[in-house]
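TrEMBL has this to say about the protein:
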- 1-24: region 'Disordered' (REGION)
- 280-301: region 'Disordered' (REGION)
- 61-80: transmembrane segment (TRANSMEM)
- 148-166: transmembrane segment (TRANSMEM)
- 178-194: transmembrane segment (TRANSMEM)
- 206-229: transmembrane segment (TRANSMEM)
- 241-259: transmembrane segment (TRANSMEM)
- 355-377: transmembrane segment (TRANSMEM)
- 397-417: transmembrane segment (TRANSMEM)
- 478-497: transmembrane segment (TRANSMEM)
- 517-535: transmembrane segment (TRANSMEM)
Amino acid sequence: MSLNRVASIEGLERERSDDSTTTSYRRMSFNPVDHWAPDMSKKTSNVEPVRTFDEIPKGKRLLQCAIAVLYCLLSAGVVFGNCFLDLDVLIDEGVYSELCSKEEIEDGTSPCYGQEIRLNLMFTIAAVSTNVCALPVGTILDRYGPRACGIIGSILLAIGSALFAFGRDLPFDSHTSGYLFLALGGPFVFISSFQLSNCFPAHSGLVLALLTGAFDSSSALFLIFRLIFEGTGGRVTTRELFLIYLIVPIFIFVVQLTTMPSQSYKTVGEIVKLAEDEVNAPTPDDSSVANNAEVERRRSEHRMRRDSVISEINSLLETSTNSKRAKREDKKNKRSGVWGALHGYSAFEQIKTPWFWLITMFTVIQMTRINYFVATVRPQYRYLLHSDEEAKTVNQIFDVLLPVGGVLSIPFIGSILDKTSTPFALASLVVTATLIGILGVIPKMWAAIANICLFVIYRPFYYTAVSDYSAKVFGFQTFGKVYGLIICLAGLFNFIQSPLDALTHKAFHNNPLPVNLILMGVAIVVGGALVIYVYSKSRNMQRQLLEVEAEGARESLMPDVTMNGERAYGT
């Protein structure tokens with residue numbers, strides 16, 4: 001069978017104008033064999049197979065998703081569990097105690113000023129590095145695939161664990177170095193797992209929610225470390241704990257080589273696009289090759305590569321099951337309202353558009369608000385409630401609910417992203433963030449509890465929505481670079497937390513309200529602009545699709561057909 005099977009599939013493709021922000025649609029004509037008839041009897045064994053989710057058994061895809069959720073739970077965001085580890089374990093073990101003055105030691109001050117500053121610096125470096133690392137992770141993911149990222153991540157996690165385990169025996173500051181390697185390893189295993197949402201396209205939002213929930217809940221790992229440390233009276237030290245933790249990077253390394261995919265999953269539409277590019281690729285220029293045998297060998301390899309791609313695409317598209325799944329996927333994509341807006345564009349072209357800069361600004365301001373609140377929740381409520389005991393209670397509730405929220409929010413997040421439009425999801429983010437800001441300035445205990453409950457659900461919803469938006473708008477071919485750049489810029493901007501903290505303490509005399517109100521106001525403006533832009537673009541895209549579909553329907557009418565003496569129309 002020739003590729004005319006593919007040509008018979010009608011669809012819509014983008015027609016790009018000179019303005020990279022403008023996208024229109026036209027009826028797709030995909031017949032790349034008009035001027036070239038391949039010999040389908042030829043095969044090649046050394047061509048990389050075209051992979052899609054339907055080629056992998058459902059059981060294996062479920063296993064891959066379960067494994068990814070498990071190792072993200074154990075490694076993706078462990079460095080954000082510092083609130084469980086630093087004061088309760090590291091200080092008890094005397095980490096950085098050499099920075100304390102004699103007076104502080106004699107007075108029994110714990111932690112001392114120098115010790116606390118160094119620990120905060122360690123966590124700040126790790127948190128910023130996690131976000132900045134997203135850009136190189138994305139580039140490696142796009143170029144070498146998720147398996148390479150997973151292996152690199154496992155190696156970084158192993159190095160970080162070893163440095164932390166043997167920190168007291170090494171002649172340099174291995175605690176900061178070890179925490180940095182743990183921070184760098186997390187994004188490699190986390191971001192490379194996003195492509196698994198294509199395992200089950202109809203439930204991609206749920207898969208992303210599971211992965212993000214695992215990321216949020218991974219901060220509880222240090223809570224488990226602390227409970228073990230306290231339960232054994234300090235007999236099980238961080239050395240033993242991190243030596244045991246080495247099992248995690250070893251597990252990740254093994255499953256990357258045995259179970260996880262080497263290349264990112266692709267949807268049927270992406271496979272067809274790749275096939276079109278491959279088949280329409282020009283024949284290699286052999287003018288500089290004098291050897292006729294070498295010329296013939298190159299042309300033969302080129303023909304066989306085309307034959308292999310065509311054969312696999314035909315096999316993919318011929319099953320009725322794939323046709324039904326493609327319809328379900330197409331229905332979900334249309335429901336989003338923005339799917340495919342910038343698919344097929346280069347990363348540089350995508351970055352120049354308002355699609356990128358608006359979501360980036362929104363991510364920057366929201367990540368700053370989130371991390372600022374996580375770092376200052378206790379002093380904020382100490383001022384608002386005028387009670388250190390009540391502030392401590394709020395902080396303890398927050399410590400417990402933060403990882404739990406990532407799990408409890410999974411069904412809610414999956415439903416919104418899979419069953420509603422992207423403009424609606426973004427509007428929900430803006431409204432929820434505004435409500436959190438309002439609750440955060442009310443000096444009442446009930447408002448504090450309500451704020452925390454809403455915050456722990458909003459945090460994974462926000463992170464999942466940004467990755468879902470990036471996949472739908474920019475596509476997975478450039479997802480690593482574009483999403484990585486968004487998170488990288490947001491991470492760099494998080495250095496502003498220290499000036500905000502200083503502003504709160506010095507200019508506003510520990511009053512957190514001015515800074516919180518400023519951040520909330522900026523978030524409303526930027527978020528509102530993002531929602532309005534995406535909604536207007538979504539309406540334009542839907543109108544263009546309807547116009548093209550109507551045109552296609554008119555073209556398929558068959559006049560001059562009569563039935564019982566009357567003119568009839570059909571398709």
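Each Cβ is built from the backbone N, Cα and C atoms, and glycine gets one as well.
For the transmembrane segment (148-166), the list of distant contacts is 75, 137, 140-141, 174-175, 177-189, 191-192, 238-240, 242-243, 245-246, 248-250, 252-253, 255-257, 260: same-chain residues at least six beyond its ends, Cβ to Cβ under 8 Å.
Here the transmembrane segment (517-535) has long-range neighbours at 337-338, 354-355, 358-359, 361-362, 365-366, 368-369, 372, 422-423, 426-427, 429-430, 433-434, 437-438, 441, meaning same-chain residues at least 6 beyond its ends whose C-beta is under 8 angstroms from one of its own. Taking every listed stretch (178-194, 241-259, 355-377, 397-417) in turn, the largest tally of C-beta pairs under 8 A with the transmembrane segment (478-497) is reached by 355-377. Counting only same-chain residues 6+ beyond the ends of the transmembrane segment (355-377), those with a CB under 8 A from a CB of the stretch are 21, 80, 83, 127, 131, 341-342, 394-395, 398, 402, 429, 433, 437, 440, 452, 455, 459, 462, 466, 469-470, 473-474, 482, 485-487, 489-491, 493-494, 496-497, 500-501, 504, 512, 515, 519-520, 522-523, 526-527, 529-530, 533-534, 537. Under 8 Å from some Cβ of the transmembrane segment (397-417) lie the Cβ atoms of residues 81, 83-84, 203-210, 212-220, 223, 374, 377, 424-425, 428, 449, 452-453, 455-457, 459-461, 464-465, 468, all in the same chain and six or more residues away from its ends.
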